[in-house]
Each structure stands twice: as structure tokens, then as C-alpha cells.
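Trainee: Copying in the features that TrEMBL gives for the protein in this structure:
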ACT_SITE  LYS94  active site, proton donor/acceptor
BINDING   GLY194, ILE195, GLY196, ASN197, VAL198, GLY199  NAD(+) binding site
Amino acid sequence: MNSQIISAKEIAKADPVFGQLSFDNHEQIVFCNDKDTGLKAIIGIHNTVLGPALGGTRMWNYANEWEALNDVLRLSRGMTFKSAITGLNLGGGKAVIIGDAKTQKTPELMRKFGEFVNSLGGKYITAEDVGMSTEDMDIVREVTPHVTGISESKGGSGNPSPVTAYGVFMGMKAAAKYKFGSDNLNGKAVFVQGIGNVGEALVGYLVKEGANVTITDLSEERMDQVSRSYGVSSYKGNDIFSQTMDIYAPCALGATINDDTINKIKAQVIAGAANNQLAEDRHGVLLQEKGIVYAPDFVINAGGIINVYAELEKYDKQEIMRRTENIYNTTLEILERAAANGVTPNVAAVNTAKERIAKRKSEQAN
Ligand code: NAD
């Protein structure tokens, strides 16, 4: 067969990448494969106008490779907007490793992944995400300088999750202020879905403020442990949206606001850490029509990136917390801008981020 001749059928095969619903003019998508370690990873570099593409690496047992590709495309795009709206000089990127973090993650696999990151020469800088820890980033650091979120004992900023939780708490308070007229969460029924690294720390802030917290997680053991430690209720059923609540805090995985859940949601405010909570943009419109205030995920979960950015810009913990606290102001501004312009908060936030990127691009061109 003449390898130069590509049939129309073969060309059509390319469409699922550049033609993916989540493909949004990404600059570069890198497929990483290593037979010896079993590494199968995808690095998505969405946009580097504001700076190098920084975003965590997620290890997840995806049902198939398309699901992994779709995830990295959505997540890396979200990082572009997150950094832009937070005022950081960073672009948007993300990586996914296909596999079970509990059984398939080895130091060799992490080192190999680090080599792929290194091959990009700093255009992409990694960090931890779901299925990753600071210790994993320490291993990546052995083979590349283009990694953040390494242990404090190794000079890094450590686990970003408590800072992320603080930012989510600030964003939730701002959304409560907008919806209820007060940002005091005392007595508010808050439902936290997913009590991992971020969810648990968020529960801590909420309990301290006197909120009436209910938690849920796939792991019953985890629920029992967090419920005991903080004195909060657990929900072990499988229809959380049948529950009455003032505030829904999605802190597990994305797309929980979808066609199946949208009409069941009773909460008046949605504010959580999970990335890509809206399955599609139109779900943001439906929330608005129902009078539910949605605090855009990428605005309020920026604490983690503020924390790891400190490793590059060398600012201290106090500055990290000051910048994270400012998520309160950003969230209120976005909610007000959305109302003024008759768009959803998500659209208002994306537009604000895009304006900053466009301004920088035009400055670079001149
Ligand atoms: P994690 O892996 O520590 O915790 C996730 C928790 O959610 C786990 O306990 C898991 O059992 C639970 N879970 C998964 N699916 C669930 C479901 N269907 N119902 C109930 N519980 C479920 O992750 P994390 O670091 O706490 O991050 C949580 C979310 O916040 C993720 O979407 C992540 O991308 C996002 N996020 C995290 C950070 C950070 O600093 N860690 C920053 C920004 C965004």
C-alpha cells in the first residue's frame, strides 16, 4: 500500500480530535505512550498567550480513550479561563493519565510521564489533580523542573487542596451574599458532594461558620470518618437532589448539573470545587431561569492554582491567602456583571477572561 495516499475515510478519522465538541482551538495536544511502564497520557495545551500552560495531572480509570480526550480538552480550556480571571500570568493546560491511580500508578510511570512533560520545554507545567499527590509531583520533579505542587519539605507549596477549599468557601459566601443578602452561612443547609482533599477542608470552614452540613461520598468509610470528625450528617442514598438544601457544593467530579439533575435541584446557590460542573453551557441558562445562583467553578476553585503559582513567582503563604480571599470580590463582580449584561455567570466569567487574553494578545502584537 502506498502510505502517501490517505483515503477520505482515513481523513475523516481526524475529525474526532479537532472536531470534538470540547475542542476549542487548543494549541497543542500531546499523546504520550510508553509500553514498558504502561503509561497512556494526554497533555492538552489550550492557550499560552498569558504564559506557560499550567494545570494539574488527573489519573482516572476512563471508560475509553475518547472520554479521556474529552476530559483533557475541557479541563485545559477551563485552566486558561481560571488563570486569566484570577489575574495570573499563566496559560491553560492539563494532563490526564488513563488508569487506576490506586493500582496502576508506579514511580516508573510517574517518571516517564515527567519525561514527556520535560520534552515540552516548559510550555506545559504540571501539578497534582485527582488521583495525584505531592509525593507523585516530587517524583516528576526528579526528571523535569516544569512541575509545581511539590512537597513543602522539598521547597514546594505543598498540598493545594486546603487553599482551594478556602477559595470555594469565599466564593460560596459571595454567592450567598448575592442570593440571600448576607454572606453569613450560619444555619444554612449546605450539601457537600465528595469529601476528598478539598471537600473535607471545605466542611471544616462551613462547620466553623455554623452551617448545617450534610456530606456524601462514594466511600462510606470516608463519610463515617468525616462525619465523626466534624459532627456533620451523612447521606448514603443515591438521589442527593431529592434532598432539601440551601446550597449545593459539588466537590467530586464534573457535569453533575445535567439533563437528569437540572429539574430536581432544590438548592438556591451552587458553589463547589469540581471542575466543569455544568454538563453544557445551556444548563447554566436553565439554572438562571430557575433563579438558582451558580458561582462559576473556575472562578471559585482557583485557590489551588494561586497556591502553586507561588512556587513560580515566589510569594509567601500570607500573599497566597490574600489572593485567595479576593475570590469573594471576583465572584460578586461576576454575578453582578452577569445580571447587568443579561448573561449567565459562567458566560460573564468566560467573557471577562477572554477580554484579558485578547488585550494581552493585542499588546504582544504591537
Ligand atoms: P479527591 O480525589 O481528593 O476527592 C474526590 C472525592 O469525591 C473522593 O472522596 C471520591 O470518593 C468522591 N467522589 C467521586 N465521585 C463521587 C460521586 N459520584 N459522588 C460522591 N462522591 C464522589 O479530589 P479533590 O482534590 O478533593 O478535588 C475535588 C474536585 O475539585 C475535583 O473535581 C478537582 O478537579 C477539583 N479541584 C481540586 C483542586 C485541588 O486543589 N485539589 C483545585 C481545583 C479543582
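Along the chain as shown, the residues are counted starting at 1.
For all residues, glycine too, the Cβ spot is worked out from N, Cα and C.
Each of these features: where is it, how hidden is it, and who are its neighbours?
Mentor: In the three-state DSSP scheme, LYS94 (active site, proton donor/acceptor) is classed as strand. When Cβ atoms from all protein chains are considered, those within 10 Å of LYS94 (active site, proton donor/acceptor) total 30, not counting its own.
The Cβ of ASN197 (NAD(+) binding site) lies under 8 Å from the Cβ of ASN159, SER161, PRO162, each of which sits 6+ residues away along the same chain.
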Trainee: Near GLY194 (NAD(+) binding site), how many other Cβ atoms are within 10 Å of its Cβ?
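Mentor: A 10 Å sphere around the Cβ of GLY194 (NAD(+) binding site) contains 25 other Cβ atoms.
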Trainee: Once the chains shown are all counted, how many other Cβ atoms turn up within 10 Å of the Cβ of VAL198 (NAD(+) binding site)?
Mentor: 29
Trainee: Applying the rule Cβ within 8 Å of the centroid of the Cβ atoms of GLY194, ILE195, GLY196, ASN197, VAL198, GLY199, what extra residues of the same chain belong around the NAD(+) site?
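Mentor: Neighbours found: SER161, VAL192, GLU200, ALA201, LEU202, ASP217, CYS251, ALA252, ALA273.
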Trainee: VAL198 (NAD(+) binding site) to LYS94 (active site, proton donor/acceptor): how many Å between their Cα atoms?
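Mentor: Here the two Cα atoms lie 19 Å apart.
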Trainee: Pop the Cα-Cα gap between LYS94 (active site, proton donor/acceptor) and GLY194 (NAD(+) binding site) into the table, whole Å please.
Mentor: 21
Trainee: By a 10 A CB contact count over all chains shown, which of the binding-site residues listed here is most packed: GLY196, GLY199?
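Mentor: Result for the most crowded candidate: GLY199.
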